[in-house]
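In what follows, a structure is listed as structure tokens, so that the remarks can point back to it.
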Amino acid sequence: MIAHNLGYPRIGDNRELKKACEQYWSGAITQQKLQDVAKAIRTNNWLTQKDAGLDLIPCNDFSFYDQVLDMSFMLGLIPERFSSLLQKKDLTELDIYFAMARGYQKDGYDITAMEMTKWFDTNYHYIVPEFRKDQKFSPISEKAIREYTEAKVVIGKAAKPVLLGPVSYLLAGKEKEAGFNRIELIENLLPVYTKLLATLQQNGAEWIQLDEPFLVMDLTVQERKTYETTYTALRNLFPSLKFIVATYFECTGTNIDIAAKLPVDALHLDLVRCPSQLSDILTPAFISSNTMLSLGVVDGRNVWKNDFSTSSTFITKAIAALGKERVMIAPSCSLLHVPCDLDNEKNGNVLTPEIKNWMAFAKQKLHEVAALKKLNRAPMQSEELRLLKANTESIENRAKSKLIHKQHVKARVKAVQPSDSQRKSLFKSRQQIQEKALQLPLMPTTTIGSFPQTDEVRANRAKYKKGDITLAQYEDFVKTEMTKAIEWQEKIGIDVLVHGEFERNDMVEYFGEQLKGYVFSENGWVQSYGSRCVKPPIIYGDIERTEPMTVAWTTLAQSLTKKYMKGMLTGPVTILQWSFVRDDQPRRDTCMQIAFAIRDEVVDLEAAGIKIIQIDEPAIREGLPLRRENWETYLNWAVECFRISASGVKDETQIHTHMCYSEFNDIIKNIAAMDADVITIETSRSQMELLDAFVDFNYPNEIGPGVYDIHSPRIPTTDEMADLLNKAMHVLPVRNIWVNPDCGLKTRRWPETEAALINMVAAAQKIRKEITTVV
């Protein structure tokens, strides 16, 4: 048996990479210092995995920003708009790499960033490769080779280079012009992959992990064929190189026949998301082959301890069919998606000892993988018996704990009625009522909710949490920041204001801190994109709201302006998606509990005089099962949960929702079924591509297509945003259009925020002047 890992968090135990990248971008440190920080993280990661007892350890899983962008750079896939930067002698390879991710706006250049989207159904984002017809590939970076050479010095032959497989790389991208299918580029791409693999082999690599997560997706006949021909070609070119093809996040399903027949040395299956596929793969044909089977039995996407007894049943079954020599044990996917080390959680008042004992972070999961290998070697020694006993006690303690269950919460969910998810009137009637009540201008301007969380804001929050300042002092500071933000919004002419969310650390954690059934970590950070890290709250039990969460701050903000102040809430599906969720009941039940908690908050905001309430659901699409056949069930309960949260108010109260990073052309009917009065969406990076859905679907409610990309520091011009609004007007009735950024502005700095929003208001005013009739 071989114990191995698919990938490890690259942010560092204390977010060293985030801090170093941001310091480099601001000019505070040199590139050499940034590289030194990166090397220290890589070395620590490799030694941590070696010390845990793993036989094969991934390398090239580190990234300064994103592993898909790394692959693009290694393959020489640099969009034409960045080509001029290659001639700038003062820009290094890393500078151009960052420019592709973040845009470049200096020295007379004004280059937009590449598109970013969610990595399958996770909370991680990747930079989308851009393909053109007859795309040529030419290696620019030798990152994988450098990092393998570096790893070999630290961990020797255990080093296993990890690459995004060629077919998944193509499928992860987008065609940037018509007239071709990106999968056809495999003939141009394969020679560059071949060169990379050859160099790795020449440098001593024995195992290569090729991640092919698209093997769990619905594939066309052409895509299925491409998998077969690609891996046959690689096998013929590299008969002695050991390939492990890794699938994860879902069942291989109808693709299992392809996966099982690939001429590779090992196939990895995610048995956490899809335990049934172990039986599916153990057919006579697979058993009679020489392919090893990697069992993804340790959950790479959640924080709960592995149940050794359950995992051992899978391992025992595989050993019985294949023999120990053909079995590998691993996490279900890369550990990128979980925090680094549970040992960094030292405050028992934050993460209570009882609940902490139910959990495992990345480092602990490595030890679980190694322990499972030991436990399945017969006969068990005293060490193995001790490991099994401790694990069994922890699993049983969690199952029996009185902390988890609240019968009155369960009863409310069980008693849900259709009327709980229905507004009093249809949208057409509500729109007329709201227009009369609110008296907003045509194409009203607003922002999504948050304003920049400056160093001063973060420092004051940290001081309060450490006890260095009192609650009163902290609240005075927040009120001062909020007042400045409100006055500034009024000054530049924004129509519907927000309070800026200066009191909130994170749009999910803030609510989790005030809901029963949640627990938190101090250092449970995971990477969202680039240098952005999030610290997901942890749902361990039934969810209950025992008192108002946002009413005090929102009503205070409303008292500071005569304009409308939006109440700002996070929706139930997003709270679910962006948390580590209990795994002892269906996700639908947990989401329904959250929905009723948010509903109670919405009703209280309305009673306090708030006329416009936004319930953010940026994660609604990422919750979609990866297979279309499973979509309907999820969408039914997700939409129902949103409607429950929003349907307790009068017709006069305008409900907004927001979705960012969302490509939901294919679920537009379900988005309409949410029945929000106004939806704001991410569209600018894709140049309003999202609005294509409205050509075929007459979206009934109001909509704010984002007119500028907040994920880049680049400042859009007034004309650019006016052009995007003109595109929207060709698809949507003018009376239904709102003007807003793509997403919240928390991660931006004030100078770029101010400049961009001033231009945005000017764009709206320009379009209003040009409109002579209301469509």
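From the backbone N, Cα and C atoms, a Cβ is placed for every residue, glycine too.
Residues or ranges marked as active site, proton donor in Swiss-Prot: HIS711. Annotation source Swiss-Prot lists 5-methyltetrahydropteroyltri-L-glutamate binding site at ARG15, GLU16, LEU17, LYS18, LYS118, ARG532, CYS533, TRP578, GLU622. Annotation comment: Swiss-Prot describes ILE448, GLY449, SER450, GLU501, ASP616 as L-methionine binding site. Annotation source Swiss-Prot lists L-homocysteine binding site at ILE448, GLY449, SER450, GLU501, ASP616. The Zn(2+) binding site annotation in Swiss-Prot covers HIS658, CYS660, GLU682, CYS743.
Structure with Swiss-Prot features highlighted.
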| residue | record | Cβ within 10 Å |
| --- | --- | --- |
| LEU17 | 5-methyltetrahydropteroyltri-L-glutamate binding site | 25 |
| GLY449 | L-methionine binding site | 24 |
| SER450 | L-methionine binding site | 22 |
| GLU501 | L-methionine binding site | 25 |
| CYS533 | 5-methyltetrahydropteroyltri-L-glutamate binding site | 18 |
| ASP616 | L-methionine binding site | 25 |
| GLU622 | 5-methyltetrahydropteroyltri-L-glutamate binding site | 22 |
| CYS660 | Zn(2+) binding site | 20 |
| GLU682 | Zn(2+) binding site | 25 |
| HIS711 | active site, proton donor | 24 |
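In this view, LYS118 (5-methyltetrahydropteroyltri-L-glutamate binding site) is surrounded by 19 other Cβ atoms within 10 Å of its Cβ, with every protein chain counted. DSSP assigns GLU622 (5-methyltetrahydropteroyltri-L-glutamate binding site) to coil in the three-state reduction, outside any helix or strand. The DSSP secondary structure for ARG15 (5-methyltetrahydropteroyltri-L-glutamate binding site) is coil.
Residues within less than 8 Å, Cβ to Cβ, of ARG15 (5-methyltetrahydropteroyltri-L-glutamate binding site) and separated from it by at least 6 positions along the same chain comprise TRP525, CYS533.
Inclusion criterion for the recorded positions GLU622, HIS658, CYS660, GLU682, HIS711, CYS743: a C-alpha placed within 10 angstroms of the C-alpha of SER450 (L-methionine binding site); this criterion is met by CYS743. Here LYS118 (5-methyltetrahydropteroyltri-L-glutamate binding site) is positioned 21 angstrom away from GLY449 (L-methionine binding site), judged by their C-alpha atoms.
The binding-site residues listed here (ASP616, HIS658, GLU682) include no residue with a Cα within 10 A of the Cα of HIS711 (active site, proton donor).
Among the record's 5-methyltetrahydropteroyltri-L-glutamate binders, ARG15, GLU16, LEU17, LYS18, LYS118, ARG532, CYS533, TRP578, GLU622, no two C-alpha atoms are more than 28 Å apart, and one pair sits at exactly that spread. When the Cα of GLU682 (Zn(2+) binding site) is compared against those of the binding-site residues LEU17, LYS118, ILE448, GLU622, the shortest separation belongs to ILE448. Of the candidate binding-site residues, ILE448, GLU501, ASP616, HIS658, CYS660, the one lying closest to GLU622 (5-methyltetrahydropteroyltri-L-glutamate binding site) when CA atoms are compared is CYS660. Highlighted in sequence order, THR447, VAL498, MET507, MET568, GLN614, HIS658, GLY744, LEU745, LYS746 have their Cβ within 8 Å of the centre of the Cβ atoms of ILE448, GLY449, SER450, GLU501, ASP616, the residues recorded for L-homocysteine, and are not part of that set.
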